[in-house]
Amino acid sequence: MSGGKYVDSEGHLYTVPIREQGNIYKPNNKAMAEEMNEKQVYDAHTKEIDLVNRDPKHLNDDVVKIDFEDVIAEPEGTHSFDGIWKASFTTFTVTKYWFYRLLSALFGIPMALIWGIYFAILSFLHIWAVVPCIKSFLIEIQCISRVYSIYVHTFCDPLFEAIGKIFSNIRINMQKEI
């Protein structure tokens with residue numbers, strides 16, 4: 001039973017006891033205190049970003065991973081000069097690299113702003129409109145489902161049970177005649 005330390009008005013140092021079983025206001029005080037010491041709280045707005053691996057969830061592995069060999073290929077028997085091939089490779093690679101950088105410099109921040117607004121609106125609508133509508137619908141449909149269930153058990157179950165008993169006695173004999 002130990003806890004945090006505090007100093008009273010006379011300057012005496014005291015420890016605040018933390019009970020093993022907790023109390024009605026803070027159950028499991030000791031366990032909670034130990035967890036808080038071990039865990040670091042991370043905020044989504046202040047987390048560090050990885051400048052080396054910019055696609056940690058591999059969203060674009062199959063989509064935009066386009067290299068020179070994926071676009072331009074010369075089959076056997078149809079080859080250009082080696083110098084032309086090397087220059088084409090360099091031109092393609094450098095152009096793609098710098099044009100992407102130019103486009104991301106010009107449109108990256110505005111597009112991030114637009115997508116941030118879009119996903120904020122989408123999250124807002126999902127939290128404050130879609131989920132409450134679905135919950136409301138599920139609550140309202142319960143009375144209909146009960147009436148429907150009574151109807152099925154009263155009329156449909158006996159009917160299909162009788163039909164099943166009728167057809168359960170049908171026997172088919174297959175004979176092969178020579």
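Yeah, the Cβs are placed from backbone N, Cα and C, and that goes for glycine too.
As written in Swiss-Prot, here are the features:
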CROSSLNK  K5  ubiquitin cross-link
CROSSLNK  K26  ubiquitin cross-link
CROSSLNK  K30  ubiquitin cross-link
CROSSLNK  K39  ubiquitin cross-link
CROSSLNK  K47  ubiquitin cross-link
CROSSLNK  K57  ubiquitin cross-link
INTRAMEM  105-125  intramembrane segment
LIPID     C133  S-palmitoyl cysteine
LIPID     C143  S-palmitoyl cysteine
LIPID     C156  S-palmitoyl cysteine
MOD_RES   S2  N-acetylserine
MOD_RES   S2  phosphoserine
MOD_RES   K5  N6-acetyllysine
MOD_RES   Y6  phosphotyrosine
MOD_RES   S9  phosphoserine
MOD_RES   Y14  phosphotyrosine
MOD_RES   Y25  phosphotyrosine
REGION    2-94  region 'Required for homooligomerization'
REGION    82-94  region 'Interaction with CAVIN3'
REGION    131-142  region 'Interacts with SPRY1, SPRY2, SPRY3 and SPRY4'
REGION    149-160  region 'Interacts with SPRY1, SPRY2, and SPRY4'
REGION    167-178  region 'Interacts with SPRY1, SPRY2, SPRY3 and SPRY4'
TOPO_DOM  2-104  topological domain 'Cytoplasmic'
TOPO_DOM  126-178  topological domain 'Cytoplasmic'
Alpha-carbon spacing, K57 (ubiquitin cross-link) to C143 (S-palmitoyl cysteine), which is rounded to whole Å: 44
DSSP residue counts for the region 'Interacts with SPRY1, SPRY2, SPRY3 and SPRY4' (167-178), split into helix, strand and coil: 2 helix, 0 strand, 10 coil
Candidate recorded positions K47, C133, C143, pick with smallest Cα gap to C156 (S-palmitoyl cysteine): C143
Local backbone state of K47 (ubiquitin cross-link), from DSSP in three classes: coil
C133 (S-palmitoyl cysteine) versus C143 (S-palmitoyl cysteine) - Cα distance in angstrom: 17
Average model confidence [pLDDT] within the region 'Required for homooligomerization' (2-94): 72
Neighbour count (Cβ, 10 Å) for C143 (S-palmitoyl cysteine): 9
Between C133 (S-palmitoyl cysteine) and K47 (ubiquitin cross-link), the C-alpha gap once rounded to whole angstrom: 34
